[in-house]
Every structure is written in structure tokens, then in C-alpha cells.
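Undergrad: Mind having a look at this structure? Questions to follow.
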Amino acid sequence: MAGFMTRLFVLVLVSSLFQECLAATFTLANNCDYTVWPGVLSSAGDAALATTGFALETGQSKSLDAPATWSGRFWGRNLCSTDSAGRFSCGTGDCGSGDVECSGGGAAPPATLAEFTLGGGGGGMDYYDVSLVDGYNLPMLVAPQGGSSGDCGSTGCVMDLNGVCPSDLKVASAVDRRGR
């Protein structure tokens, strides 16, 4: 099981107190044995976070601060490269911007999504889920830490579904989808 658990793309939501107003820090960690390029999309009406896309090598993590009432999604992109014209694209989860930054573009299927609504519920509660509505490309886990109330547990799709996916539903690629 230890080898299996080291191949997750992990999102950690840490609720904290910043300047007397509740906010959150998202820590994205790449526990996969290949590079993952996280994409970030804020919901309509919410400000973009400090970055909308970046690379995470194996074992790296990056933290992003979000305001108390932010809503949006994160996903992992893989099989990414830059062509001879300088256009960046990914085999899964591509956001269509032509750059590492997604700049308001969402993930093209297949993409495992982590969706968040901070302070949007009764009593200012945070809501989160891992969704396969746009397909599956990477194992993902959301593991909340900190916070002041509620019984928030980890959630995600931690099994590598690519190995059990029927061949007629897989995205065809000359390279293994896991990037190896």
C-alpha cells in the first residue's frame, strides 16, 4: 500500500486566521512519480488566485492563499510539453491557454477535479469534493487540516483508475498516461 499512496496528487486545505478575517491556504503536493502541472480556476465573480497554473516535480509542493469566500477548482495536468512555436499543451486536463498559466481556462476532459466553496454555506462553512464529472486522469486526495469547526474528512479518488478503465474509454496516447 505504501507504493500506491506515494502516487497521489494531493491538495491540502488549511484554514487559518489572517488579519482578523478567515482565509485558507491550499497546499498542492505532487506525490506522483512524474511531473504534474496543476491548473487553477476561480468561479465567476471570484478573484483569481496568485497563479492559475504551474509545474510540480515529484515531491514538490506549492501553497496558494485564498480569500475567506473564494470558490473554484484545481486539477492536475499531465503529458505536458511546449512545441517549437512556444505553445504549451497537455495530454490530459489541458486548459487551452497555450501557456502554463490557465488564465481563466478550465480543464478539458478527462480531468479529476477538486472543487471548493469557502465560507459559502450556513455558518460560513467550507465545502469541497473531488469530482470525476469531467473524467479521470490522476489520483487525487483532498486532506483538510486546521479549521475551527466541523468534522471535515479527507476525500478523493485515490485509486489509479487508468489500469481498470475499459480500452474503449481510455484516451489514446503514444506515451503512458501517467507520464512514464
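Yeah, the Cβs are placed from backbone N, Cα and C, and that goes for glycine too.
Bear in mind that TrEMBL entries carry predicted annotations, made automatically and left uncurated.
These came from TrEMBL, pasted as-is:
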- CYS80-CYS90: disulfide bond (DISULFID)
- CYS95-CYS102: disulfide bond (DISULFID)
- 1-23: signal peptide (SIGNAL)
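Distances, neighbours, how buried they are, the whole picture for these features please.
TA: Taking a C-beta cut-off of under 8 Å and a sequence gap of six or more, CYS90 (disulfide bond) has these contacts in its own chain: TRP37, ARG77, ASN78, LEU79, CYS80.
Long-range neighbours of CYS102 (disulfide bond) (same chain, six or more residues apart, CB within less than 8 Å of its CB): GLY39, VAL40, LEU41, THR52, GLY53, CYS95.
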Undergrad: Just to be sure I understand the packing, how many Cβ atoms besides its own are within 10 Å of the Cβ of CYS80 (disulfide bond)?
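TA: There are 19 such Cβ atoms around CYS80 (disulfide bond).
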